[in-house]
Structures are given as C-alpha cells and as structure tokens.
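Lifted from TrEMBL, the feature list:
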| type | residues | note |
| --- | --- | --- |
| DOMAIN | 15-278 | domain 'SMP-30/Gluconolactonase/LRE-like region' |
| BINDING | 16, 172, 220 | divalent metal cation binding site |
| BINDING | 111, 113, 131 | substrate binding site |
| ACT_SITE | 220 | active site, proton donor/acceptor |
C-alpha cells in the first residue's frame, strides 16, 4: 500500500515543476508566488529559495549547458527563459530565449507553464493564456535548442525556441520513453502520445493514450517510472494515477491530502519516492479547504522507482 505524507508545508499558490537530483535535493516553483524553492529529501528540510522578483515562474529545469557557465537552473519566467544561479541567489536579467513576438497578443496575455528536458538535453516548455477559459487556444509547446551562432558576439551561445505544437490550451506534462513522447494539454482531457525522433526532436502521429473523465480532475503534470508506466497528477481530483500506455489502462490511483495536485518527480537517494506539488489557490477557487493545500508531498509506492533523476539542459 502506498504511503503518503507531507514533506514540506509550504502553502504554494501554485506549486509546480518538481525536479530531482541524485544528491537528494528537489527544486520546484510557486508560479504566482514568484519563487523557486529547494527541499533536501535526505535531511528532510527546506534548503532555500530564490525570488523571480514579482514575475510568475512556470517551471525550472537543471542546467549543465557549456554555453551557460555559472548557472545551475533554467527558469521559464512569464514569456522568457532565464538562467539561474540558485545557490548564488541570482536570477539573471539576460534571457536565453523568449516567446516569439508573433505569438504574443497584448489583448490575450500568456505565460510559460510546465516544462521538462528530454534525453538529448533539449528543453521542452509550453505556454498558456493568463485566462485560459476566455482564450483556450493561445498556448504553444516549444523546444529550446542550441542556435547556429554566438549571441551578438558574446561568449554565451544563442538559442532557438522552436514551435512544436499549436494551438494548446494549458501546456502541461511531457515525458519520453523510447521512440515516444507523451504530452498533456490540460484543456484536452487526455494523455496523448507522439512518435519521437530523438536525433532531431521531431514529433508526429499524435494519438490518444487515455481519456481522463472530468469527474477525475484535469490531467496536469506527469512523470514516468522505471517500467515505462506514466504517473499523472489530477488537478481537482485529489489524486495521482499510474497509467500503462501500452494497454491504455489505469493501474493505480493514490489519494493525496490536497484537492489540486499539479505535478510530480521521482526522487530521494534511490528514486523510490514521488515528490508531488500542489496548488493552494486552485483549491480555494474550487471551494476546497484542505489543511496542507499548496504543500509538497512525498509518496512511497512499494516496488516502484523512477526511470531517472531530472535531466539537465545541455544544449
């Protein structure tokens, strides 16, 4: 039986984008709280936070790019991607890339949401409308790749933000396994899959893996275990669910003590723990009042381990 416990009583407005390290640390963001947090899963304590200075931050990923020396994270902040030195408390003001002007509309403002790095070190990050109910097709999914030249003669490399999926409602979970890429647009109540070319990052042949009924909540963030099974957070459904993408069936549902789980990552020293973020403001909007809404939760499922620690951007 799964064991679920509160790891960090942080009360995020919208916790999101947990990333794990072999050291045992986990980073995650509070989107509206404009913060990047860290939690030491071994010592079982917070280990600091960095403000994005009033700018909403959709996700963070580890960074080990030779073109970005001195930075350990990339953060998708509003409509730009910024390098971060977390332990130096520095969110660089110089962006790596930004959403193209052609995808911006002042009357329909957007921001970055969830993102993740593939096994070739490319960052995939998606956007959503600030008001997705009014503007349900304003989002995109992009891939950040190394550019062809240096940036304005500087030593730092240039990067291209390449559109991969359009339109998108609320861009969320992304994962890879073999020659497949799995993806969630939360306004499409399903998990879908693409054929994926790891060499050039191209995707094709979109099809459904599993429909998620409204009664279960909105599919949100996603991760994958060592056996290729998907784990999906159900926002508004107080649960996370394990899915077999081959048989297109739900294998296991685990209740968490918050109405709006948002995403998760396998972590701990041996990838045997799931760290689940949650949204406090989303729960309040839905009339929920759980004691630890917005918290970071730890889930242990006997016999289940993650496929890998979070991958770093290396382009």
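Each residue, glycine too, has its Cβ placed from N, Cα and C.
Comparing Cβ neighbour counts within 10 Å across the binding-site residues 16, 131, 220, the minimum falls on 131.
For residue 172 (divalent metal cation binding site), the nearest of the binding-site residues 111, 113, 131 in terms of C-alpha separation is 113. Mean per-residue pLDDT, taken over the domain 'SMP-30/Gluconolactonase/LRE-like region' (15-278), amounts to 95. Recorded residues residue 111 (substrate binding site) and residue 220 (divalent metal cation binding site) have their alpha carbons 16 Å apart, per Cα-Cα distance. A coil conformation is recorded for residue 131 (substrate binding site) in the three-state DSSP classification, outside any helix or strand. The Cβ of residue 113 (substrate binding site) lies under 8 Å from the Cβ of 16, 31, 58, 59, 76, 125, 126, 127, 128, 139, 170, 171, 172, each on the same chain and at least six residues away in sequence. In this view, the densest Cβ surroundings among the binding-site residues 111, 172 belong to 172, judged by other Cβ atoms lying within 10 Å. Pairwise Cα distances among 111, 113, 131, the recorded substrate-binding residues, top out at 13 Å.
Put simply, residue 131 (substrate binding site) is 17 Å from residue 220 (divalent metal cation binding site) when counted between their Cα atoms. Highlighted in sequence order, 56, 58, 109, 110, 112, 127, 128, 129, 130, 132, 139, 170 have their Cβ within 8 Å of the centre of the Cβ atoms of 111, 113, 131, the residues recorded for substrate, and are not part of that set. Excluding 16, 172, 220 themselves, the residues of that chain whose CB lies within 8 A of the CB mean position for the divalent metal cation site are, in sequence, 17, 113, 114, 170, 173, 184, 186, 221, 233, 235, 262, 263.
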